[in-house]
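Novice: Okay, handing you the structure first.
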């Protein structure tokens, strides 16, 4: 991403005068820069520092309110600390919403008693948390996660699959590499192509290469199509319980999500329709002793293990389809 673009956007959102910086935060700022290996030009650093300080104040205020019982989740400074929320949404969130579903419709099992909690990470279905970098390829990570789970269900072997294969090769199905895409389009590419390479044979580069380097001899998975789940949390719950990890899209464009750390994520401003980020539901559960309260979805993100709850987020469950978690859910068939 061009640093000059970031600076231009930033300058539009901050007063033209030099920002007033808090000298008491000097040590924290230098430690954050060292941790995240940030190097700036002379003209950019104070603007980045101003954004970082603004984000830190938002985080500190939220956590103070959390300690007073006003929120159910904590926030923390992370690698996105020097990014405005506008930059964050442009760079990290690459899901492109679609109005018309193309897959088979999920038929909810009628005679199945679904458990009150499920966690597929404990059953061997889920690979370690990955990092999409500054590339809007969240859709590819969501798609590989769902297919990794279904292939494990079929073969008993967990193999990390290639997101770069999807980024480079699925444009004919409607995806746009680092500029966004859809999980269903990824599943369609895998069906059309006949297979998908492993992560080991086709490693992730976090960029558009403008060439497809798929190797048939390195094929590690395939699918026969995909299934779209009705836009209801009960249907999603049954799918997660009976099928495995499910690809979903959410509204992840809020500062509260950008700096989420732990607890059950709930933001009243979160939309159930304006979706911008593909993730993977790997289970669900509840906190405390009452299974009817404090319910959450276990969601695997693709921003590295340092973000959130070891790379995961607990998202509020049965709260009117909060953040649209059931709006665009699907999984591949194998």
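Backbone N, Cα and C define each Cβ position, glycine as well.
From Swiss-Prot, for reference:
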type	residues	note
SIGNAL	1-17	signal peptide
DISULFID	135-178	disulfide bond
ACT_SITE	138	active site
DISULFID	169-212	disulfide bond
CARBOHYD	222	N-linked glycosylation site
DISULFID	270-323	disulfide bond
ACT_SITE	277	active site
ACT_SITE	301	active site
Novice: What residue among the recorded positions 222, 301 has the most other CB atoms lying within 10 A of its CB?
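Specialist: It comes out as 301.
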Novice: Within 10 Å of residue 277 (active site) by C-alpha distance: pick out those among the recorded positions 135, 138, 169, 212, 222, 270, and say none if nothing qualifies.
Specialist: 138
Novice: Using C-alpha atoms, which one of the recorded positions 135, 138, 212, 222 comes nearest to residue 270 (disulfide bond)?
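Specialist: Closest by Cα distance to residue 270 (disulfide bond) among the recorded positions 135, 138, 212, 222: 138.
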Novice: May I ask which of the disulfide-bonded residues 169, 178, 323 is closest to residue 138 (active site) if we compare their C-alpha atoms?
Specialist: 178
Novice: Provide the number of Cβ atoms within 10 Å of the Cβ of residue 270 (disulfide bond), excluding the reference atom itself.
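Specialist: So the number of other Cβ atoms within 10 Å of residue 270 (disulfide bond) is 23.
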Novice: Which whole-number value in Å describes the distance between the Cα atoms of residue 212 (disulfide bond) and residue 135 (disulfide bond)?
Specialist: 17
Novice: Under 8 Å Cβ to Cβ from residue 178 (disulfide bond), same chain, six or more residues apart: give me those in sequence order, or none if nothing qualifies.
Specialist: 94, 135, 136, 137, 167, 206, 207, 208
Novice: Roughly how many angstrom lie between the C-alpha atoms of residue 169 (disulfide bond) and residue 222 (N-linked glycosylation site)?
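Specialist: Rounded to a whole number, the Cα-Cα distance is 15 Å.
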